[in-house]
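Here's what Swiss-Prot has on this protein:
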type	residues	note
ACT_SITE	52	active site
ACT_SITE	98	active site, proton acceptor
BINDING	55, 94, 523, 560	ATP binding site
BINDING	96, 561	Mg(2+) 1 binding site
BINDING	97, 98, 99, 100, 119, 243, 315, 316, 317, 563	substrate binding site
BINDING	120, 271	Mg(2+) 2 binding site
C-alpha cells in the first residue's frame, strides 16, 4: 500500500479546477482508492477521466455503432482498426484530432497530431503508407484565421514530409464558427508488416516493461485535460500543454519498432499519446487483465528535477511502452540503440490489477487499473425529444423565399444585385470552401514511397498501391486501397441526423467514384459542449445517423476519436460553439489499381452521364449556393435514401470494372454545375450539356444538392457496348434510380442548356483562373 505520509498537501478546490474534475469525481476517487488521493494520483485521474481519454459523455452513444463485418479483423478498443484487404494483406487505419493544441500553437499542434496518429498505426505492426487530413478554419477575411491556416498546413507538411509518409488527400472548409476553435483531424493508413497484429494487452507476470524513444520533458503536461475543456481568452497561457515533435526521431522509431516487432520478442506495445505514461501503462495493464509497476527514476528525462506528476502526465512525443520477453531484452535494447533511441527497462508486469508508480525510492501512486481504464465514470444526459425551435423555424424555408428569376438572371439577396448563371458559377468556384486547395496540398509531399496513384485534387478519393517493401509480385498487378474524409458541416448544423447520414454516404460515394469498394470507417466526432441540451442532442443524433448509415452501407466502424468542448469564449464570456462536424474517414479496396479512375474528362466526344435516385432528395435548401450567393444558411438538408445510394455506387463500380467508365465525380458542394466545372478544369476540356427543366426554377437544376448523384463519362469508342450493357442489366427497371446521358466532352467551353435555353457559356480558362487562384490570393 501507498504510504499515507507521502500524500501531498494541496488546495483541493484549486487542484480539481486544474484537473477538470468535480467534487463528485473526487468523492468517487476516494471511494475507489479507499483513501484520499495524493496530488500525483489526482493528476492521473484527471487525465484518465477526461473526455479525451475515457469518453465519459459519449461512451453510451458509441456503443450502438456496428463494429463487426466480414473484413473486420480488429475493431474499437485497440490503437487502430484493422481490415482484410485481400492477398494476405491487412490495412490498419484511424483518425484523430488535435484541435485545441492547434488553436494556440498551430504549427506544433498540427505537427504532433500527425506524429500521434502515425504512432497509432505502426504500434500495431504496420508501416504507415498515407496520411489524409480534414481541416476547419474561420473565414479568411480575418488575419488570425489566415495565420492559423498557414501554421497548421506548415506543421502537417513539415512532419509528414520529414517522416516520409505521403499526405494524399483531405478536405477543408471555412466558417466563422471555427474562428476561435479550428479543427485539425488527421487520418493515417498503414500496411501490416508483421506476421501477427501487435496488440496492447500486457502478458506474462514478471515480463520487463521497456520504455523506447525520445526523452521525457515537461512539454504537453496535462494535454488530455486541456483537450477536454473549452477554449477561452486565456488559453494562450496553456501553451506548455502543447507537445513539441521531432519527425526524424519518429522516422527512426518507425523503423526500429517494425524491426523489433518482426522478431516476435515484443509481447505488447502502446504508444505514449494523450496522458503519456499514465495512459499507456494503465491501458496495457487493463487490456491484459494484469498490473504494471514503474520506477520513474529509470525514465530517460531531458530536464532536471521533474516531479512524479510531470513524468506521468508529460506528453513528450515519439515515446513507446513495450512489454517484452525477458530473455530477449538485451537484443531489443541493442536494436533500439542502433537507431539512436533511448531504451530503458522501467518496470515489470505484476499479478495484481494495479498501476504502481515509484519515484525516488518511494511509492507515489497505487491505483487499481480498472479505476483508470475500464471502469471510468459515464455522464448520462437526457436527450431532447424534439429538434430545437430555431431549427424547426429554419426547416420551414423553401425556394419560394427567393427572388424570381428574371431574364436568365438571379437577384442576389447577399449582394443586392442581379447576376447571370455564368457569373454565379464563377463566384461559387472562387469561394474558398469550394475552390481548389492547391495552395495547401502543394506543400505536402504526396509522392514519397511512390505508391500514390493520383495526386491530391485529381480524384474523389486517394488511391494507394499496396506494395510490400520487398516486392516479389512479378505480374505487376497491384491491389490498392482508397480513402476519403468527408463532412458537410453546414448540413450537420441544420440537421445533425440527415447531415451525418450524408457524410457517411458521401465518403462511401467518393471511394466508389475511383472504383473501390467501401469497406469500413473511422470517425472523428467534433462537437461543442455535451453539457448543453442542444450540444448533446446534436451528438446523439449524429451517432444514431452513423449507426444507421454504416449498417445500410455495410461499412462497420473500426474506431475513431471524440473531440468535445469545441467552442470559444471571448472577453465578454460569450460562447461560440463550432458547427457540429462528424468527420467520416472511409476506406475501400480495389483489386487492380490500374482500373482506378480519376475525375477529369479523358477524350473529346466521350459521353457524359448522370446517375441518381428519385427518392434521394435534391434541393437548394442548406446548399452552398444559398449560403455563398444569397447569404443564408437555412432550410432542411435533403434526405438520402441509403438503399438507392448503395445501388448507385454498386452500379458505378461495376461499370468501371467492365471498362466503360473513364472518369467519375460525385455531385456535392455547389451542385451539378460545380461538379461539371471541376471536371472541365482538371482536364482542360469543355463539356456540352443539356438538362431537363425543373418545374419551378433553373437554379434548382444547376445548384441543388443531395445524395446518390454521380456524373461519369463513357469511352466514345464503347457507346454501342454501353447501350447494350444498360439493356442487359435493365437499369431503368429500377423505378427509383435513373441513368441518363446529359452531354458530351468538348473543347475549351462549358456550355449548359436547360430545355433548349442557353444557360451558361464559360471558357475553361476562365473557370480555371477563378478556381485555382482563390485561396492563394489571400496569402
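Every residue, even glycine, has its Cβ placed from backbone N, Cα and C.
Around residue 94 (ATP binding site), the same-chain residues at least 6 positions away in sequence with a Cβ under 8 Å from its Cβ are 79, 80, 81, 117, 120, 121, 187, 188, 522, 558, 559, 560, 561, 585. Classification of residue 94 (ATP binding site) by DSSP places it within a strand. Counting every protein chain shown, the number of other Cβ atoms lying within 10 Å of the Cβ of residue 120 (Mg(2+) 2 binding site) is 26. The two recorded residues, residue 55 (ATP binding site) and residue 315 (substrate binding site), have Cα atoms 19 Å apart. Comparing CA positions across the recorded positions 52, 119, 315, the one lying closest to residue 98 (active site, proton acceptor) turns out to be 52. For residue 560 (ATP binding site), the number of other Cβ atoms no farther than 10 Å from its own Cβ, over all displayed protein chains, is 26.
In the three-state DSSP reading, residue 119 (substrate binding site) counts as helix. Within 10 Å of the Cβ of residue 55 (ATP binding site) there are 20 other Cβ atoms, across all protein chains. Listed in sequence order, the residues of the same chain lying 6 or more apart from residue 119 (substrate binding site) and placing their CB within less than 8 Å of its CB are 250, 253, 271, 273, 318, 320. Most buried of the binding-site residues 96, 271, 315, judged by other Cβ atoms within 10 Å, is 315.
The shortest Cα-Cα distance between residue 315 (substrate binding site) and any of the recorded positions 52, 96, 523 is the one to 52. Long-range Cβ neighbours of residue 523 (ATP binding site) (same chain, at least 6 residues apart, Cβ-Cβ under 8 Å): 95, 546, 557, 560, 561, 582, 583, 584, 585. In the structure as shown, the Cβ atom of residue 561 (Mg(2+) 1 binding site) sits within 10 Å of 25 other Cβ atoms. Sorting the binding-site residues 99, 317 by the number of other Cβ atoms within 10 Å puts 317 first. Secondary structure at residue 271 (Mg(2+) 2 binding site), as computed by DSSP, is strand.
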